[in-house]
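Take a look at the structure below.
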């Protein structure tokens with residue numbers, strides 16, 4: 001926190017900066033009263049100030065007894081004290097004895113209780129502080145005295161700022177208090193270096209994880225390609241430092257299994273008390289049943305590999321409401337019926353969608369349909385998906401649809417829910433568009449055509465309400481801007497499109513402003 005000095009225009013000395021803190025104390029009768037503490041910051045005091053202090057201001061003393069807090073400014077042109085020099089010196093000496101602070105300081109601290117306090121207390125107390133560091137120390141010490149607010153007042157412009165123990169300025173003051181301590185700063189930097197080195201680490205086996213010297217710094221654990229051990233400490237029962245529920249440190253937020261991992265997941269696999277694990281990613285080979293209540297309730301992201309195809313019964317996926325993202329791989333063809341409410345992002349493989357056609361006589365699950373919660377907002381298809389999209393495949397709550405790399409099928413407005421606001425077509429998608437391809441309700445705002453798209457954009461094939469339109473690097477068709485919806489605001493093309501000069505009627509848009517962006 002900085003203590004500013006303000007130069008007065010009419011005098012050759014500096015005006016005051018006042019810092020006031022409001023705190024609640026108990027008097028001898030156990031009644032609450034306000035104690036106001038003011039710090040007056042003097043840089044240079046004019047030689048005549050001591051003479052002016054003896055002039056007038058009797059009325060100010062009477063008003064001060066009725067205020068909950070008093071700001072002492074000592075600005076010599078505006079505020080004069082009517083206190084006898086001898087009594088003033090006596091108060092200073094009494095209070096300096098209490099504070100053990102030298103009287104030679106240019107900084108003063110004055111404390112005045114309200115009129116409800118006991119008569120034995122001083123009307124005012126003056127403490128001298130040696131420098132700005134002592135002022136910071138005093139303000140920090142207020143946190144132990146039930147301080148409510150800290151008020152900084154500039155007498156030059158009558159502006160003031162109020163700080164409290166919860167705001168960023170107060171916390172910044174505490175931060176610098178620690179950071180300026182040489183020992184504490186070195187300790188912080190030392191642990192920061194260890195965190196940077198070991199917060200993310202790869203292990204080949206559980207033994208190396210259990211014996212890892214810097215376990216407490218781990219946040220992301222990755223197991224190597226060949227790792228395939230049961231997640232149990234049975235083989236380490238002679239190790240007294242760990243119990244069966246502490247394979248992973250409580251600091252870990254993400255676990256990524258390698259390609260070969262294919263072990264059962266049970267209630268002993270993860271610590272039931274773990275509240276930090278938020279992301280779990282299985283490898284391509286994983287295809288094991290998961291017991292109910294085995295996955296940590298703190299999970300927010302869950303990703304299965306390409307070969308996973310085990311049914312998920314009710315209770316397998318955490319019902320805590322924290323789970324926000326689930327991703328299934330290519331092989332998954334089980335009915336999706338128990339996705340917890342609260343999941344916002346869902347990625348499914350091609351086989352899961354194919355089973356919903358209900359026309360595969362060899363599929364035992366063809367009489368079951370997927371059930372999605374209304375919380376799903378982002379719907380993604382696996383990169384290998386390239387089947388026809390059946391009506392109802394995409395949930396009606398979805399806002400964004402993203403197709404996979406291989407998808408290259410015609411689409412119709414019946415396949416895309418009216419709730420969708422953004423569509424991202426896959427890398428290979430290159431199908432013609434007509435007036436029945438996309439929803440016309442006006443909710444669709446953004447379309448991204450990817451790498452291979454190169455179809456003519458005709459009139460009325462894009463819906464009204466569309467604002468953002470992006471074309472891939474291979475697009476080389478002429479675009480008549482009059483054929484685009486009047487709502488278009490941003491057009492994005494690859495740099496190669498700019499040299500083709502294929503934008504028509506750009507100057508005949510009737511004062512309509514379209515931002516054209518070229519990217520690399």
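Even glycines carry a Cβ here, placed using N, Cα and C.
Straight from Swiss-Prot, the features:
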{"type": "REGION", "residues": "47-86", "note": "region 'Disordered'"}
{"type": "COMPBIAS", "residues": "51-84", "note": "compositional bias 'Low complexity'"}
{"type": "REGION", "residues": "100-121", "note": "region 'Disordered'"}
{"type": "REPEAT", "residues": "242-285", "note": "repeat 'FNIP 1'"}
{"type": "REPEAT", "residues": "286-331", "note": "repeat 'FNIP 2'"}
{"type": "REPEAT", "residues": "332-406", "note": "repeat 'FNIP 3'"}
{"type": "REPEAT", "residues": "453-496", "note": "repeat 'FNIP 4'"}
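The repeat 'FNIP 1' (242-285): residue composition by secondary structure is 0 helix, 7 strand, 37 coil, according to DSSP. The repeat 'FNIP 1' (242-285) scores a mean pLDDT of 87 in the predicted structure. Note: the repeat 'FNIP 2' (286-331) comprises 0 helix, 7 strand, 39 coil (DSSP; helix = H, G, I, strand = E, B).
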